[in-house]
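Just below is one structure, and these are the notes that go with it.
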């Protein structure tokens, strides 16, 4: 729903916060407004705050906290100086132990409200390090004439603006401590107005910055980027258009990979490939998913939305055969190369758009014992409706959006005769409202 700013009353008002929304904002019902819901950024349940309206719509309003009059015992001082402006982290004011409690509650609420299901068991949440964990991301870049400087950072809570960051504490230190240096450097370039974004990604061997540029770089700027990369330990790639235009600045680049030591697996990838952003929690998640799947050494497992083989190749160490299916043909090519690299001949990979009809494809007609899937935010309903689901003794569903998981869980339980054995949250993105989760289904 479109938000209106034309009728905003910026007079601060006092309100009590009743709950925490799925996106990390406090939920209030304003007296004198007919109990209309207001989402208040920077506020926690149980608090009384002074707030200022920032947006209005027919069904709800939005506001930001101006002053906390009565603080929650769960409130802590945010570690980052940019909290409240940058939208990268919205939960830093909530005690870390309570952040995952809130995410667990969001998951269970979605399962019940959207899917009309309840897990037989609530899994203990999966947690890891909460600072310096993010190894992949995208910084927006914008030259702001009024400030006479170039801003580098994530979007502000008002997404029209780029946050003016000096550092980022959730990004790995190799990058997070150098945001200000990156901003100062870009300001010195001839083409400082022609760089809209920079993607970063780190493997075990190197940290890569991929610089999106709208105009060809001058010779001076190319030399400057080379010197900046050498000074700060970055490998620089350039992107003039789509993904196919990404090229190393020096013409050679660097091999990128990360090891999954518990399974003696190494996954190679390219600078714009999808990898899980939190390396240590990724290992915990793989171990957790495999334990929940209970793979047998003589079983065949189907792994949907498999990417580079993040789950597929560790699974190949445990089962007779595993088949991975992924929509991105480039990732499938890398997954096949990774299988060869790791000597795993029992892993097959297929490229397929899993939102389209796949019932005539060879992999769909193969028989499997178990299913693991890790779909995007939109979920997996299209492919679930095509699969011969009764063949799967157990399904493990890894989700990055509790709403789509809940919808798909409702389909599996209420229409296909599965039981939701267990479900729980995983804190892949500490200090954000992002809810990663895992659920286990069995045939009734």
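We count from 1, first residue shown onward.
Glycine is treated like the rest: Cβ placed from N, Cα and C.
From a predicted model like this one, the values you see are computed outputs, not experimental measurements.
Swiss-Prot lists 400 with the feature active site, nucleophile, giving sequence analysis as the kind of evidence. Under the heading [4Fe-4S] cluster binding site, Swiss-Prot lists 80, 86, 89, 168, citing sequence analysis as support. Here Swiss-Prot flags 276, 305, 310, 326, 353, 374 as S-adenosyl-L-methionine binding site. The annotation domain 'TRAM' is assigned in Swiss-Prot to 5-67 on the grounds of sequence analysis.
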State the count of C-beta atoms found within 10 angstroms of the C-beta of residue 305 (S-adenosyl-L-methionine binding site), not counting that atom itself.
22
Average the pLDDT scores across the domain 'TRAM' (5-67) and report the rounded value.
90
Candidate with sparsest Cβ neighbourhood (10 Å radius) among 276, 310, the listed binding-site residues:
276
If you run through the domain 'TRAM' (5-67) with DSSP, how many residues end up as helix, strand and coil?
0 helix, 36 strand, 27 coil
Validating a neighbour-count step here. Other CB atoms within 10 A of the CB of residue 400 (active site, nucleophile): how many?
20
Keeping only the binding-site residues of 86, 89, 276, 374 whose C-alpha lies within 10 A of that of residue 400 (active site, nucleophile) yields 374
Counting only residues outside 80, 86, 89, 168 in the same chain, those with C-beta within 8 angstroms of the [4Fe-4S] cluster site's C-beta centroid are 82, 83, 88, 92, 154, 163, 165, 169, 170, 431
On a C-alpha basis, identify the one among 86, 89, 168 that is nearest to residue 326 (S-adenosyl-L-methionine binding site); the candidates are the binding-site residues.
89
May I ask which residues of the same chain, at least 6 positions away in sequence, place their Cβ under 8 angstroms from the Cβ of residue 168 ([4Fe-4S] cluster binding site)?
80, 82, 88, 134, 153, 154, 175, 176, 179
Considering all pairs of residues in 276, 305, 310, 326, 353, 374, annotated in the record as contacting S-adenosyl-L-methionine, what is the maximal C-alpha distance expressed in whole angstrom?
21
May I ask which of the binding-site residues 305, 310, 353, 374 is closest to residue 89 ([4Fe-4S] cluster binding site) if we compare their C-alpha atoms?
374
If you skip the near sequence neighbours and keep only those at least six away, which residues in the chain come within under 8 angstroms of residue 374 (S-adenosyl-L-methionine binding site), Cβ to Cβ?
304, 305, 306, 307, 310, 311, 398, 399, 400
Out of 326, 353, which has the highest number of nearby Cβ atoms, where nearby means within 10 Å of its Cβ, if these are the binding-site residues?
326
For residue 86 ([4Fe-4S] cluster binding site), the three-state DSSP class is strand
